[in-house]
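Features reported for this protein in Swiss-Prot:
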- Arg8, Ile9, Asn10, Tyr11, Lys66, Tyr123, Arg127, Ser131, Arg190, Leu191, His192: substrate binding site (BINDING)
- 61-66, 76-77, 82-83, Gln105, 140-141, Trp184, Arg194: FMN binding site (BINDING)
Amino acid sequence: MTTLADLRINYSRASLDEADVAPDPFAQFDRWFKEALAAKLPEPNTMTLATVGENGRPSARIVLIKGVDERGFVFFTNYESRKGRDLAAHPYAALLFYWIELERQVRIEGRIEKTSTDESDRYFASRPLGSRIGAWASEQSAVIDSRATLEAREKAVAERYGENPPRPPQWGGYRVVPDAIEFWQGRPSRLHDRLLYTRDAAAAPGWTISRLSP
C-alpha cells in the first residue's frame, strides 16, 4: 500500500542560473508566465494569497492574478471578505504561483495597496454579466442559511440592474507591491535552484539577486 511518505517526484526538467535570468524580477516573471501559457497549463494565473488577521492567525486561499506591471501584482475581491478584513488589519501579503508541470514556484512578499477607483471600475466592467451580478449577490465570507438564499439574491440583483450592474462599493482591486520575489526551479535530489530578488534602491535596476540554499 502506498503511504504519504512514498509520494515524491525527482525534479529534473530545467535549471535556474544567475546568468540566465533577467535583472528585473517583473521581466523574469513575465518570461516564466509566458512559458506557462505556452505549455498550456490549466489556469496558470491562479495563485495562493496568504494574509494575517487582526488576531494574528494566517489564512490562505486561491485567487486569480489580473494584472502585473512594474508597480506590482493585482487581484480583485470583496473588501469586506475575510481576506479584505485581514488586509485592512495587516496590509501585507504573500503570493505563491505553483506550476507543477514546469517544476516551478514563484513566491512574492510585499505590502498591499488598493487599486484606484478607475482601475477597479474598468476591470469590473470587463467581467461577464453573471460575475458582476454575483459580486452584488454574495456577501463574501458571511454565513448564509442556504444556497436558496444566495440564488434569491442573485435573481433580485439581476432584476434590479439588468444588463448594467455598477461596481459595488465594497468590491475592488488590491495591488501587492513586492519587496521580495523568489523564483524556484525543482532540481534532482531536492537540490533545487532558488533565486531571490530583493528590492534595493541603490542597485540597478533597483533589485539585488541572491541564491538561497534549497
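A Cβ is built for glycine as well, from the same backbone N, Cα and C atoms used for every other residue.
Arg190 (substrate binding site) sits 38 Å from Ser141 (FMN binding site), taking the C-alpha atoms as the reference points.
For Val63 (FMN binding site), the nearest of the binding-site residues Arg8, Asn10, Arg127, His192 in terms of C-alpha separation is Arg127.
The Cα atom of Gln105 (FMN binding site) lies nearest to that of His192, taking the binding-site residues Arg8, Asn10, Lys66, Arg127, His192 as the candidates.
Of all residue pairs in the substrate-binding list (Arg8, Ile9, Asn10, Tyr11, Lys66, Tyr123, Arg127, Ser131, Arg190, Leu191, His192), the one with the greatest Cα separation is 43 Å apart. Cβ neighbours of His192 (substrate binding site) (same chain, under 8 Å, six or more residues apart in sequence): Tyr11, Trp184, Gln185, Gly186, Pro214.
Around the Cβ of Arg194 (FMN binding site), 17 further Cβ atoms fall within 10 Å across all displayed protein chains. Between Ser141 (FMN binding site) and Lys66 (substrate binding site), the C-alpha separation comes to 21 Å. You'll find the Cα of Arg194 (FMN binding site) roughly 19 Å from the Cα of Arg8 (substrate binding site). Put simply, Ile65 (FMN binding site) is 14 Å from Arg127 (substrate binding site) when counted between their Cα atoms. Shown in sequence order, the list is empty: the chain has no residue 6+ apart in sequence with a C-beta less than 8 angstroms from the C-beta of Arg8 (substrate binding site).
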